[in-house]
Amino acid sequence: MATKEKLQCLKDFHKDILKPSPGKSPGTRPEDEAEGKPPQREKWSSKIDFVLSVAGGFVGLGNVWRFPYLCYKNGGGAFLIPYFIFLFGGGLPVFFLEVIIGQYTSEGGITCWEKICPLFSGIGYASIVIVSLLNIYYVIILAWATYYLFQSFQSELPWAHCNHSWNTPQCMEDTMRKNKSLWITLSTKNFTSPVTEFWERNVLSLSSGIDDPGSLKWDLALCLLLVWLVCFFCIWKGVKSTGKVVYFTATFPFAMLLVLLVRGLTLPGAGAGIKFYLYPDISRLEDPQVWIDAGTQIFFSYAICLGAMTSLGSYNKYKYNSYRDCMLLGCLNSGTSFVSGFAIFSILGFMAQEQGVDIADVAESGPGLAFIAYPKAVTMMPLPTFWSILFFIMLLLLGLDSQFVEVEGQVTSLVDLYPSFLRKGFRREIFIAFMCSISYLLGLSMVTEGGMYVFQLFDYYAASGVCLLWVAFFECFVIAWIYGSDNLYDGIEDMIGYRPGPWMKYSWAVVTPVLCVGCFIFSLVKYVPLTYNKVYVYPTWAIGLGWSLALSSMMCVPLVMVIRLCQTEGPFLVRLKYLLTPREPNRWAVEREGATPYSSRLAVNGALMKPTHIIVETMM
């Protein structure tokens with residue numbers, strides 16, 4: 001067949017098979033048509049609903065408490081070099097890919113891959129396993145923030161002094177530390193600060209280890225319940241309600257971050273903190289860990305490989321120009337991370353000056369920044385109660401809208417597996433309540449006296465960078481080398497009216513897979529077993545459990561491949577060709593409704609469906 005005819009054949013196939021019919025949503029259900037009720041998949045009320053939902057989904061805690069610390073730790077301004085390489089070579093291409101395939105197929109994170117390439121539908125299942133585990137422990141941070149917020153409504157912040165029942169004789173107030181020589185003498189005696197004791201002895205009541213869970217912390221359990229109730233009532237009506245809630249939850253944190261930035265820049269010592277944040281150390285680029293941190297931060301901060309962005313994209317109208325908005329949202333996300341560093345390190349610079357210590361001694365990441373370093377800083381400011389309330393409201397809202405999006409992505413992906421059952425009546429709402437309840441009950445293990453050890457185990461393994469890189473590699477591989485980047489570009493052109501520049505398809509084909517593989521290998525080579533505070537060493541069984549959590553998502557891809565091949569009849573190569581071929585929407589819709597599995601029938605109207613790209617063509 002001539003090359004020109006072959007390309008035309010592929011375009012015709014692509015148009016006939018995956019392009020939705022006029023007046024129908026992609027994935028139209030035949031039984032709805034028979035009843036005279038064309039399916040109306042829920043759509044965003046306006047473009048701004050989608051933009052704010054995505055912004056709220058990926059502008060979260062990681063932008064405020066992880067990026068600034070990584071920037072300082074990995075060479076300051078020099079860290080921006082690997083960061084931008086991973087941003088343009090991996091983060092933005094995968095982010096846009098997930099949004100656009102959701103919009104193109106009008107399916108969630110699992111069923112979109114069933115349409116595109118049934119053999120690799122395990123990609124969707126892997127994403128859902130990751131986001132399900134993430135939903136269990138991410139919300140614990142919000143429970144802690146809620147507890148701190150309630151404790152902030154006092155004339156004197158409870159972590160400012162050492163005169164409470166949970167304090168020990170080793171507690172030393174920060175006023176004593178202003179005398180640097182005295183502090184150097186006392187620090188050799190293992191004195192602790194009131195804010196550290198409040199965190200470890202009051203909030204966590206930290207036990208001796210993960211094998212000593214202790215009793216349930218009822219105050220944290222109630223805070224966790226409150227957060228889950230807020231989450232449920234904000235998403236239970238679908239994107240119509242979520243799209244309105246994010247008008248507040250996605251915008252108000254930016255206003256508060258701006259206030260904190262202005263306040264931080266006006267504090268004494270702010271200049272030293274910012275210099276410490278951005279001072280470039282080019283020699284750090286020789287360390288592979290710097291590149292690993294840059295890659296994993298990009299994937300975390302863009303909330304990709306979780307199925308959430310695909311689910312949000314599936315509610316877009318077919319002709320919506322998501323390419324333009326995805327690029328703008330990418331700028332917003334990375335810009336927020338960068339500006340957050342000024343807000344955080346200006347305050348840490350002030351804090352270091354007040355204590356008479358180096359900034360490196362007060363710089364923290366993750367929970368250490370949010371619940372130790374920053375609460376300590378506000379006790380040194382005028383109006384500490386006001387700044388504490390402001391900070392924890394911002395932290396809570398940043399986390400809440402991310403949680404909304406992650407749970408919505410999880411629910412959408414699972415509901416799309418059984419739409420005729422779960423979309424009837426109030427079944428979707430009941431299903432959301434069930435998922436929230438299960439996640440809450442599992443999360444109770446993290447609000448015990450030993451819960452912090454469980455939380456760290458989930459955070460280190462369950463949704464680790466290794467898992468996200470694994471999923472991202474297969475997403476790009478399937479689109480570029482099986483379905484075909486040009487075929488997807490045809491669909492994009494049909495949706496937005498033009499073809500994006502070649503940067504995206506080159507990234508999907510080469511750049512992103514190479515970055516993912518390199519970062520994945522170095523992550524395994526540089527792997528260090530988990531510890532808590534660099535002191536407590538996790539037992540072997542806990543490390544094994546952590547790797548089981550990581551593998552539970554990664555194994556979905558090969559496991560589903562084997563299951564699909566076993567379920568399909570015929571010679572091996574024939575089965576392989578069929579499973580590498582995009583599914584015809586209406587026939588696939590019948591299968592997902594419980595009819596005779598179409599995967600057991602190898603022909604469509606007596607002939608195999610035409611292949612789409614290189615790998616399938618070489619087999620034929």
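Using N, Cα and C of the backbone, Cβ positions are placed for all residues, glycine too.
Among the features that Swiss-Prot reports, compositional bias 'Basic and acidic residues' is placed at 1-18 (among others).
Under the heading topological domain 'Cytoplasmic', Swiss-Prot lists 1-49 (among others), citing sequence analysis as support.
According to Swiss-Prot, the region 'Disordered' annotation covers 1-42.
Residues or ranges marked as compositional bias 'Basic and acidic residues' in Swiss-Prot: 29-42 (among others).
Annotation comment: Swiss-Prot describes N163 (among others) as N-linked glycosylation site, evidence class sequence analysis. Every protein chain considered, the tally of other Cβ atoms within 10 Å of the Cβ of N163 (N-linked glycosylation site) stands at 11.
The N-linked glycosylation site annotation in Swiss-Prot covers N179 (among others).
Residues or ranges marked as N-linked glycosylation site in Swiss-Prot: N190 (among others).
The phosphoserine feature in Swiss-Prot is assigned to S322. Long-range Cβ contacts of S322 (phosphoserine) within its own chain (separation 6+, distance under 8 Å): F50, F96, V99, I100, Q103, G313, N316, M495, I496.
For 564-620 (among others), the entry in Swiss-Prot reads topological domain 'Cytoplasmic'.
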Quick one: what's DSSP say for S322 (phosphoserine), helix, strand or coil? helix
Return one of helix, strand or coil for N163 (N-linked glycosylation site), based on DSSP. coil
